[in-house]
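This report concerns only the one structure given below.
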Ligand SMILES: N[C@H](CCC[C@H](N)C(=O)O)C(=O)O
């Protein structure tokens with residue numbers, strides 16, 4: 001089928017965005033993978049699909065596919081691209097919308113200055129909600145958080161915080177993100193047996209109480225230049241550990257994000273850019 005798409009990015013985390021309201025889609029995992037392939041397709045970390053919502057009080061439905069073809073629950077950088085896309089395409093005249101995802105409703109808002117702030121909902125903090133299998137493990141309390149030991153075989157053991165933003169995150173503090181073993185240990189953490197749905201692996205360097213540097217080896221996509229939900233998860237973990245105070249500036253390799261969180265039970269707010277790179281059409 002001939003498919004119209006828009007290529008976008010949020011702080012270097014890149015997307016193919018598809019209007020499934022005005023196009024009939026019937027694609028499977030192999031086609032999502034090909035679309036996201038950087039040589040045989042358009043190339044992207046994730047594919048974002050825009051659908052009408054059937055829910056009262058909700059404007060759109062938002063489906064997210066990693067470049068391995070798997071459908072996932074949430075994408076923070078993608079939610080900013082989503083609101084920029086639907087506004088620019090005239091699918092809405094509202095700058096503030098509510099969007100249904102697999103893990104609940106989020107609320108992106110397109111600011112007058114072009115920046116975008118998203119209510120990402122409240123983090124889920126119980127291991128079973130992540131999901132993380134903590135059975136038989138001795139957690140180490142730090143502040144309101146618990147650090148869990150992850151055995152990585154020859155690569156030793158790392159202590160991680162576990163947080164769900166609808167999707168699963170394992171966050172560790174490192175001395176220097178530039179020398180952190182992201183390529184070596186990212187895949188080991190992503191596929192660790194204690195994460196039955198796999199996990200996004202975050203490496204956070206503390207700059208000061210309102211600033212971190214962050215790299216994320218993403219589930220189903222490998223290291224990306226920025227990860228919105230990973231930034232939310234890292235800041236939530238840092239605040240719970242007593243290491244950070246809201247708001248926090250997150251310096252990713254692809255750009256800057258800002259996270260605000262008032263504490264347990266409260267929503268996490270993600271702010272940052274969303275850029276349209278080009279429009280295209282592909283036979284898929
Ligand atoms: N790889 C993630 C989905 C995309 C998240 C990321 N791109 C973001 O901005 O939140 C997962 O499998 O949960």
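Cβ atoms are placed via backbone N, Cα and C, with glycine included.
Taken from TrEMBL as is:
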ACT_SITE  75  active site
ACT_SITE  75  active site, proton donor
ACT_SITE  227  active site, proton acceptor
BINDING   13, 46, 66, 76, 77, 167, 200, 218, 219, 228, 229  substrate binding site
C-alpha spacing of residue 227 (active site, proton acceptor) relative to residue 75 (active site), in angstrom: 8
Alpha-carbon distance [residue 77 (substrate binding site); the residue listed as 'active site, proton acceptor'] in Å: 6
Residue with minimal Cβ packing [other Cβ atoms within 10 Å] among the binding-site residues 13, 66, 77, 229: 66
Entry from the active-site residues list 75, 227 having the most other CB atoms no farther than 10 A: 227
Maximal Cα-Cα distance (Å) across residues annotated as binding substrate, namely 13, 46, 66, 76, 77, 167, 200, 218, 219, 228, 229: 16
Count of other CB atoms lying within 10 Å of the CB belonging to residue 219 (substrate binding site): 26
Cβ contacts of residue 200 (substrate binding site) (under 8 Å, same chain, 6 or more positions away): 167, 168, 169, 170, 190, 216, 217, 218, 219, 227, 229, 230, 233
